[in-house]
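Here's what TrEMBL has on this protein:
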type	residues	note
TRANSMEM	7-28	transmembrane segment
TRANSMEM	48-66	transmembrane segment
TRANSMEM	78-100	transmembrane segment
TRANSMEM	139-157	transmembrane segment
TRANSMEM	169-194	transmembrane segment
TRANSMEM	206-227	transmembrane segment
TRANSMEM	268-286	transmembrane segment
TRANSMEM	298-315	transmembrane segment
TRANSMEM	327-349	transmembrane segment
Amino acid sequence: MLAGTEIVLFSLTSILLAFAYAGLLDLITIYLERKILGRAMQRYGPSHVGYAGLLQLIADFLKYLSKELFSPRNVDKVLYYGVPVALIAVITVPLVLLPFDYVVLSGLQGLAELVGIKVNLTEYAISRILDNVMPGVSLFGYVAIVAVTMPLMYILAWAQSNKYSSIAAFRTILMLVTYEVPFIISIAAASVLAGPSIYSIVNSQLLGPLLFVNPLLALVLTISLIAESERQPFDHPEAEEEIVHGWNIEYGAGEFILLYGLYLYTKAFYAAALISILLLGGWLGPAIPGLPMSLTNFIWFTVKLVGVFLLFVWIRASVARPRVDQVLDFGWFKLLILSIIAFVLSVALKIGGVI
């Protein structure tokens, strides 16, 4: 077999592994979120389907799929059915850009080393190849993808011919634009400290995570990503008490899985991954006795990612939703200023040779 063909096959395999890794972690984190929220509200959460409710998500999925697929009157059916598919297609692109495939291949390489097989799988990670060819494409490509979702959301809301979905779409665009600016500035601040490449940013944290180098950057980036992923307390686009169920109100159970379950939880998954990479050292961590370093990298990245997601859950359980005007004022008049200060601090630290 030609070397070029092998590279293509390995790259496709690495992408599929990234999808499998993200899907499995999504299921685990959703289950943990439901259990933790249940405890926070003095109830049990999922407990009946399977041991400790482990199969509840499968039962919910089958229930949603069994529902009738229909569309309301006066909707643009092409856009009504087409835009959700486009939205999901767009939001899956970061699975290629961010180094999920590299992490999974590291884990498989570590397992192979445990049984005495010497192989270098990580060289075929498509995210690593892209990052070497075009440093920065992963980080700023993610920013571009988030920007593309905004017009798609508005078109999706307009296609439903419902005033509540339109109100929610306006809320979404206002909030995403407001928090996109501090997010971009915080990404630039991290790039100033460690370079535009994801791998250079991770490697720069060998002596310690950026969380301790620039704590203000960590605060701004975390708040911005929570808002970008529409998590509580920034869940105004889906605020059930105010606008029924936001920009996907006219969609049935099957589409609900795509638009709420898959789309929003995938965004939260990306947010947790970015925080793990930019602030916590990504896959770097202390060696685990008896395990190859590549397998240790997989374990540390997974632990950090799940830990950050559980932080999101804790915030959801403990912080109330503010008014829309308060959210916008905080974004423009406080978080934006803090992001600029964090950027200036990063420049000063770089010039001073701290990192």
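Every residue, even glycine, has its Cβ placed from backbone N, Cα and C.
Heads up, TrEMBL stuff is auto-annotated, nobody curated it.
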*asked:* Are there residues at least six beyond either end of the transmembrane segment (7-28) with Cβ under 8 Å to its Cβ atoms? List them, or say none.
replied: 57, 92, 95-96, 100-105, 108, 121, 124-127, 129, 262, 265-266, 269, 302, 305-306
*List, by number or range, the same-chain residues at least 6 past the transmembrane segment (268-286) whose CB is under 8 A from its CB atoms?*
22, 25-26, 29, 94, 98-100, 102-103, 106, 142, 187, 190, 198, 201-203, 205-206, 208-211, 217-218, 221-222, 225-226, 228-229, 231, 296-301, 303-306, 308-309, 312
*asked:* Can you tell me which parts of the same chain pack against the transmembrane segment (206-227), counting only residues 6+ beyond its ends and a CB-CB cutoff under 8 A?
replied: 175-176, 178-180, 182-183, 185-187, 189-190, 193-194, 234, 271, 274-275, 278-281, 284, 312, 315, 327, 331, 335, 338-339, 341-342, 345-346, 349, 354-355
*Per Cβ pairs under 8 Å, the stretch of 48-66, 78-100, 139-157, 298-315 packing most closely against the transmembrane segment (169-194)*: 139-157
